[in-house]
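> Submitted below is the structure of interest, expressed as structure tokens.
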Amino acid sequence: MSQSLKVPTMAEYMAEGKQPEILFWVGSAGSYDDRAKKITRAFVKLLNKANVDFAVLGTEESCTGDVAKRAGNEFLFQMQAVTNIEILNAYDVKNIVTACPHSYNTLKNEYPELGGNYNVKHHTEYIEELISSGRLKIENNSNLKGKRITFHDPCYLGRANEVYEAPRSLLKSLGVDLVEMKRNRRTALCCGAGGAQMFKEPEKGDQDINVLRTEDALKTNPNVIATGCPYCNTMMTDGVKAKEREAEVEVFDIAELIAQAENL
Amino acid sequence: MEYLPNILFAIALIAGIGYFAKNVKKLIRNIKLGKAVDVSDHKKQRWQNMIRIALGQSKMVRRPVAGILHVIVYIGFVIINIEVLEIIIDGLFGTHRVFSSLGSFYGFLIGSFEILALLVFVAVIVFWIRRNVIKLQRFWKAEMTSWPKNDGNFILYFEMVLMALFLIMNATDIPFQNMESGNVISQFIAPWFNGASESTLHIIERLAWWLHILGILVFLNYLYFSKHLHILLAFPNTYYGKVKPKGQLNNLESVTNEVKMMMDPNADPFAAPAENDTEDVPEKFGASDVTDLSWVQLLNAYTCTECGRCTSECPANQTGKKLSPRKIMMDTRDRLEEVGKNIDANNGEFKDDGKQLLGDYISNEELWACTTCNACVEACPVSIDPLSIIVEMRRYLVMEQSAAPMELNNMMTNIENNGAPWPYNQMDRLNWKDE
């Protein structure tokens, strides 16, 4: 058992007649996937430490519909979107932060046309803000100092929305040795999970995409592969296992690394 | 008889430009078979994109070797074509090097053309070697069947011959060589013809002159049938290309209307449509054929020059899956040409040929291999968006045919039932807090 977290819901805020600074959109992976739940908890620890007034929708949250839209099911996507927008608008939500680039992209880019207009940030962007405004301090003497870390760009954060530097500047602030893969930023190779691939077997081919991407990462000889997406995390973790390197290479979300550095 | 060359020239010019104009009309007609799409937004950004990406070749040079060689050929062709203006005036009026009265400036102009012609010649040879000797992987993928391969080489041969003819024409032009100005390259070619008499030289010069201009006219008309169309269409295509974040897929308006109806407690599903209700129920959701795509997507297909940068960046293709974004574009163009020819053959009406883009050209297996990672879109040097076509065809498969892979159907059922792609209870969404 781990320490208990302070996770208020929007309903609780509403009952008190208050409005939080941000809504933390947890996303389906962050809510149910065992690996991704650790990322969620790590991010909440950071929010708690920085005394951020945040709330989650809790049981009122539902899948953004990203995966349905990319699978071609526009009906299901829009049903999900319209339902979520109704709830978000009813709570008068203005600012959303999420640790999932897929939710991020959908909320930020695809909800406005259906009536949902929010200021949406990826958690790496938000943590960077917390640090630069002095609300969150990073001790530069963490156990991560000097470790070789490579960052895998999630497609829906990088190419899709051109957020390349926020995660990198966070890693640098941890004093780690940030090593780039040959394919990085806009030429980064996908982990293989996007476009609904997460939920199906790949088509016939001669290699799995996550293994190919893991090979890219392993070429940098890292201690840690960092990423900013729960799907990428799963794919890279599986890739490291497929290459039988799990004893020496770990896969972490940036929020987890910062929480570790803070001994949270 | 004195005016015979002028008349022949005028006929060649009119025929060459006339046939090209006819095909351009056909091209526009075919592109307009696509669905309407609003592109009146972001005017400033669109112009900037065109200037930066097409005119400025900004995305070409991301791969420096091919990029710089391409810039040479591009600048060479644009600038050397100023010379065509002189050739046309000379041809029509029987003058000889009408601009030479400009004196030293003329020498400067032709001198720069000659240097560029040599550079283009060398660049094109390197391109040929990359395709045929080094055999760069992306030029030898499965979709690069005999015609696409030949097409690529024909273009290079055309360019080599045109540049060679230009230099030979200058080298054998005695008055021009005597000017001693502007013959920077051709003075080194002139000695090859030392043994020839003055009249032979004149014949060679005339021959090179005629073949050069006829070659240009033939090349112009080759464009419509070739991937080389990109030299023209890159400009409109970068203008009309996507200006929204790459991650944003378009919203299906027709679905929005349906969803609003479903969500509106006051909507009467049995209500007769209002009399002035002009909003038609769409024939289908998504795309199974080229006419279901937008005209920008069809313009994309004609603009594709089959360079294969998209395919070489595609994660599915790199891991041996059948999907190749370049093939998606080539198939779209091939099918569109087929539809266009069908319309031509049937007095302007499309007659059902029992074929469509989906299935006959693009297989479900290709479509389902896509990770929607946008690597192809990012890689394209002329703002083509293969992903939008893939998604549009997936929409048809899922919403019209319920033909998604079984695992995806399970995933979608989960979302419908419990608001998550996995079969977990929505009431357990906050359990992570206490675990």
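Each residue, glycine too, has its Cβ placed from N, Cα and C.
According to TrEMBL, the record shows the following:
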DOMAIN    B:295-326  domain '4Fe-4S ferredoxin-type'
DOMAIN    B:359-392  domain '4Fe-4S ferredoxin-type'
TRANSMEM  B:6-24  transmembrane segment
TRANSMEM  B:65-85  transmembrane segment
TRANSMEM  B:105-129  transmembrane segment
TRANSMEM  B:154-172  transmembrane segment
TRANSMEM  B:207-225  transmembrane segment
> Give the one range among B:65-85, B:105-129, B:154-172, B:207-225 whose Cβ atoms make the most pairs under 8 Å with those of the transmembrane segment (B:6-24).
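Looking at each of B:65-85, B:105-129, B:154-172, B:207-225 in turn, the most contacts to the transmembrane segment (B:6-24) are made by B:207-225.
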> Using a Cβ cut-off under 8 Å, which residues of the same chain at least 6 positions beyond either end of the domain '4Fe-4S ferredoxin-type' (B:359-392) come close to it?
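Hits for the domain '4Fe-4S ferredoxin-type' (B:359-392): 49, 53-54, 57, 59-60, 62, 230, 233-234, 237-238, 241-242, 246-247, 249-250, 286-288, 292-293, 297, 300, 303-305, 307, 309-316, 321-329, 331-332, 334-335, 403, 405.
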> Helix, strand, coil residue numbers for the domain '4Fe-4S ferredoxin-type' (B:295-326) per DSSP?
20 helix, 0 strand, 12 coil
> Quick check on the domain '4Fe-4S ferredoxin-type' (B:359-392): DSSP residue counts for helix, strand, coil, in that order please.
19 helix, 1 strand, 14 coil
> Averaged over the domain '4Fe-4S ferredoxin-type' (B:295-326), what pLDDT does the predicted model reach?
98
> Same chain only, please: residues at least 6 beyond the ends of the domain '4Fe-4S ferredoxin-type' (B:295-326) with a C-beta under 8 Å from a C-beta of the stretch. Say none if there are none.
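Hits for the domain '4Fe-4S ferredoxin-type' (B:295-326): 27, 30-37, 39, 63, 66, 137-139, 141-144, 148, 151-152, 227-230, 233-234, 236-237, 240-241, 332-333, 336, 363, 365-367, 369-371, 373, 375-382, 384-390, 392.
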> Give the nonlocal contacts of the transmembrane segment (B:65-85) in its own chain as ranges (CB under 8 Å, at least six residues past its ends).
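Hits for the transmembrane segment (B:65-85): 57, 109-110, 112-113, 116-117, 119-120, 123-124, 126-127, 130, 159, 163, 166, 213, 216, 231, 307.
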